[in-house]
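Inspection log for the structure reproduced underneath, given as structure tokens.
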């Protein structure tokens, strides 16, 4: 009997303490090996008459993050081999059998006849929380870091080890659905209130509390394994059920636009499972789990939203031979909306900040932004007054450039004008140490051009934040022609320190994210010009998976700003670089109608004071024709929205602007909300295959013009049926768990 | 192919479908029996002469479950040899019962068949039979399930009917129903519901509110706002018809069909069967049709099925003298009128379900009788009967006087 991942010790009362403590890992995860070992412990303790009960706990600071997602990917690989060997049904059966092993183990624990209790500290998520749910008694540590939850839905899966069935038998179906569909991590007070845990005690007392429950004769039979069990919300086919299910189905559609098979499977397995006894219910859950596991949405979401995101967050692109930089003090020049946001997120991460603007009042105004944001957090109960005071104490607002002298990194966020920027660069470099890195938060100006004003172009780098800074997780790091490794390393260390995700791109107009967003907005504007009803543009964009419609997004950016960028592009790159129809539309809105966007209360939408925004009825008059909605192909509109962005992403790869496919995908999802269920634009293409994508864009090009023309790279890849992740494999992944 | 003729049509009055409604103390069996007995006594149906009794019933559970048609046939003394079958196509069940009866006759397999329906909404309750459609995520999502009222509001939004327009239609329905009753236009077909002593419990449609005005309707709040917003159904409607920015909720109790209790029965047969029972045919079934339509709009099936049935009959919309389209919701009628560019002067001329109520399984048979009476009264020839149906369907029948 090997005890590699778990240690067991039996006390005088015959209670076995199982301590989960995997070697050479900072966090326990459910691997195939760990599952087998836990099964052996179950067999042994069940067979041994001297054993009265079992307590499971963790030997680490956290209980466990859940199942090893790469193990789940391994099942897929096995299935593909089996399919070749024995056919589709045999392969499907293999996936079903393999992917339900954890569920079967948990059910065996639940019905072994001896009481199992769990003592949980730190995070206990996914498959690990499902283990806790299968146990007969749950004690949690009162450590504020303790978190319990089933976040599987966030990576396209759902709890497939009995989680859906146990949760739905512990609370009314409507509450269970909400918990399962949101995938939130719960603090102990909420988990206790929801009766997901039985007891909350200090960490050093939790094992004893669990043992006490066993000694006092805790029952090893779950309520649903007893005669006369009644579902907390009543049967599916009851008044309560009728109050729950029609609305649950509708709300699922409202929240997901029907794009998330994992979420949909939650609805289905709870609906079916609650009509069955537990064992059959678990079988149904397993059938759907096996199915969802093989969905392209789950594969794409696991890869981008879990694996790649973690790798990039850890600085996968950081030059390895540059020693870690210790950034303690950051200078931010320009205390406008962006600069103020950068100061806030820096101070929030515990860094000292010097916030500089032309005079004291302007600098103070930027600092005031932090006050406002922290006050908002206090109102929501997420921070205390003392937190705000401490954060504000870390920000020094000043017009004095000299104060930047001891900063470890300086970021400028001044007006987007090369002359203004050049002046600031000179003033900053005059006071900072020679080896301090200078970052520019420009969104439109090429970094290499700005670096020309710097005495130290190798220390000059783009650090592009998105608005609003405190909410947006993505930061684009832009390499100028001469930017050196140290600048990249420092920028990445900084972005990691402020808990955002960096992507590294090479210098070009619009970098990466804004090029894709620009294509998205253009598509929406052209649809309007074609006579598509405005609401249909907005709704189909959201149905395609985008968080905000293109017309609404233009209003947020500001219509006049969109026009300004367009005119600048035209001035620099010539009339062919822009779309004339789009320009006409924006000129009409801005120059004839004075509609500038949300900022002046009128853009594509009207923004009535205190009321809900509504599409401006006058848009109809700007349309040369108006088309009958029933004659418009909704699927094509959705394809256009995603394809135009994905094509732009392909172009950035072809041009060498983006050099890591993970960055294209993760950057698109967290930067501008590209349909998360696709795993990002390149994963979306890979999901359908480059051949199919090429066929799609060729069809769109024939109908809608050369903006859908495929880059040569895509043609080449399609000819060989290559995928982006196949042709541009990211560096070997570090294995980690969910 | 034998022709199917209508020999007679009867209906009970419609009782308000609530515990204080007159028919609340009358069971589904008793309602159906009342209609069948009337048909039997008016047509001298000798014991055993009827080949089948087909009754529509939507919530066929509890007292209405387990084949209410056979129970009612026995109870009405049709003779042990007369079988019965209960059918369900939601709101069109009563008309489908007639069409199925006609189909059996046209196929030469039956000579004399009763088609009709029964629904005691006050006793059984709408939705009591349950069903996968709103509940099971598979079909609820695939069919864009939403409550019918939200679909009716979606129709109003998509096709541009304002609150004033739907209310105006409701006022007109009330006015027409009152005028028809005052003029005695229903008297030949209404069978009073009586108690065991022969005392009349109800002899007149109870749901009508002839005093209805635009002002009184204007005071009513739209019924489906909360369901649409909180229940998520507005989002379902918009995702099905994304050109809609937001749902304009216009329907309420005053411009939607009333919840009522009632039963109806129609006697159909071959010409020879009519001769045998000594009845002259009143009309023949010219054509009938069924269709599935957009399940999200749900209630526009009458437009699609009318096109289909006209084509089958080789007719144009203008060939119809009268049209009876069930007033499930005002927007259903207005959309039908808009689609065919109709003059409302020949649509639902004696009012409809907004004024008199819609006893789900029985309505199709009731309005067939109503429009036949009107054809005879006005000396006209041809009428269309059509109903919208849950989950997006339509049923239609063209009858022609002989």
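Even glycines carry a Cβ here, placed using N, Cα and C.
Caution: TrEMBL annotation is automatic and unverified by curators.
The feature active site, acyl-thioester intermediate is assigned by TrEMBL to B:91. The active site, proton acceptor feature in TrEMBL is assigned to B:358, B:388. As annotated by TrEMBL, domain 'Thiolase N-terminal' applies to B:5-230. The domain 'Thiolase C-terminal' feature in TrEMBL is assigned to B:280-401.
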Rounded Cα-Cα span from residue B:358 (active site, proton acceptor) to the residue listed as 'active site, acyl-thioester intermediate', Å: 8
C-alpha spacing of residue B:358 (active site, proton acceptor) relative to residue B:388 (active site, proton acceptor), in angstrom: 12
Around the Cβ of residue B:388 (active site, proton acceptor), the count of other Cβ atoms that are within 10 Å: 33
For residue B:358 (active site, proton acceptor): DSSP state (helix, strand, coil): coil
Long-range Cβ environment of residue B:358 (active site, proton acceptor), under 8 Å and at least 6 residues apart: B:91, B:257, B:258, B:259, B:260, B:326, B:327, B:328
Local Cβ density at residue B:91 (active site, acyl-thioester intermediate) - other Cβ atoms counted within 10 Å: 29
The domain 'Thiolase C-terminal' (B:280-401), counted residue by residue under DSSP: helix, strand, coil: 50 helix, 33 strand, 39 coil
Averaged pLDDT, computed only over the residues in the domain 'Thiolase C-terminal' (B:280-401): 98
